[in-house]
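Pulled from Swiss-Prot:
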{"type": "BINDING", "residues": "E167, R210, S355, R359", "note": "L-aspartate binding site"}
{"type": "BINDING", "residues": "R210, A211, E212, E352, G400, L401, A402, R403", "note": "ATP binding site"}
{"type": "BINDING", "residues": "E352, S355", "note": "Mg(2+) 2 binding site"}
{"type": "BINDING", "residues": "E352", "note": "Mg(2+) 3 binding site"}
{"type": "REGION", "residues": "189-192", "note": "region 'Aspartate'"}
{"type": "SITE", "residues": "P82", "note": "site 'Important for tRNA non-discrimination'"}
Amino acid sequence: MFRTHLVSELNPKLDGSEVKVAGWVHNVRNLGGKIFILLRDKSGIGQIVVEKGNNAYDKVINIGLESTIVVNGVVKADARAPNGVEVHAKDIEILSYARSPLPLDVTGKVKADIDTRLRERLLDLRRLEMQAVLKIQSVAVKSFRETLYKHGFVEVFTPKIIASATEGGAQLFPVLYFGKEAFLAQSPQLYKELLAGAIERVFEIAPAWRAEESDTPYHLSEFISMDVEMAFADYNDIMALIEQIIYNMINDVKRECENELKILNYTPPNVRIPIKKVSYSDAIELLKSKGVNIKFGDDIGTPELRVLYNELKEDLYFVTDWPWLSRPFYTKQKKDNPQLSESFDLIFRWLEIVSGSSRNHVKEVLENSLKVRGLNPESFEFFLKWFDYGMPPHAGFGMGLARVMLMLTGLQSVKEVVPFPRDKKRLTP
């Protein structure tokens, strides 16, 4: 057994007890007669005291930072130490030595740029800040799942090797599939629609791939997509569901990750339900009134969303009813204005984190929608054929986990919140 306790479990009530702890050497101070080691494990940092004359003293006198050790010792209450206790070592076993000097300072005293951090990623992931990020992510994903389970959704898994473009675009990674061309899925969209046509309420948390040329803080070539599809629903039902998901997610993180948020020195935004809605058309007019050169049909990009955020003064808001031709072929038109669609984006300040819509469920309408966009319905026959068999009205959304994590952590780049990000320049580690 490598340990009896995590360092966070040590407390003054254990004074005089013999314990075994294990972890990484976070810092060392040699005061001549004593060596103080800060030992780090998954739960935090604790203090180890090694007295001169002890068998362990010679073992650690030249120990390098980030070496892994097991400490047998006795707990002593000391208000000056982390958690009010320290462990006086009786024996120390060196499990592995770390080479010195380290290519990255895990303590954070010496700052590193993002390229260095990504190159030396394992050491970077040992930093308390990165461990806080990954704990927050775990709680956020758990919250997402739990909310959907409570609403009767079923978790599903869709193919990631596909025959044609899901969105009809060109941002695809081709792969050779037994002599035939195939692609990595850019979205589970078509398959989750089919699944909703069978079991009504489905969701998936899985990787997706887009051959993004954009080298921005908000784009990756490989990302985790959190997708939902719901039968007998429209985009208003979906927006109401998203409000519950985001509300629960933020509050679960605040409740379960109090220490991690302190490490990051950040507080996620408060969610006010209902979340404010502004139509695309009204957003365009508001932007024009502020001197932005934009017209109906244009995308509302990050610079424009910054202006919108400054005017709306809302951390979270929906932009609804986008032009139909600006959305994917499966998006439903508004009955009262076919130029517009039953669609939305959820924006965090100036960053899109969710996109969704009501979906077309009539085959002939879908075929026409494909043709209008210059796409061949025959390429989508595997999808369209099932609309001959009672496809219900349905709606859904896709949520980018990395972007949601920017909202939950206050960090500025998706590369910071993904353990091993993939972009145009990076295939390793």
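Glycine residues also receive a Cβ, built from the backbone N, Cα and C atoms like all the rest.
For the recorded positions P82, G400, the largest tally of other C-beta atoms within 10 A is found at G400. Note: the CA-CA distance between R359 (L-aspartate binding site) and P82 (site 'Important for tRNA non-discrimination') rounds to 55 Å. Mapped onto DSSP helix, strand and coil, the region 'Aspartate' (189-192) counts 4 helix, 0 strand, 0 coil. The maximal spread of the ATP binding site, taken as the longest Cα to Cα distance among R210, A211, E212, E352, G400, L401, A402, R403, is 19 Å. When Cα-Cα distances from R210 (L-aspartate binding site) are compared across the recorded positions P82, E352, A402, the shortest belongs to A402. A distance of 12 Å separates the Cα atom of L401 (ATP binding site) from that of S355 (L-aspartate binding site). A402 (ATP binding site) sits 14 Å from S355 (L-aspartate binding site), taking the Cα positions as reference. Proximity of S355 (L-aspartate binding site) to non-local residues of its own chain (separation of 6 or more, Cβ distance below 8 Å) is seen for S343, F344, D345, L346, F397, G398, given in sequence order. Remark: of the binding-site residues R359, R403, the most isolated position is R403 (fewest other Cβ atoms within 10 Å of its Cβ).
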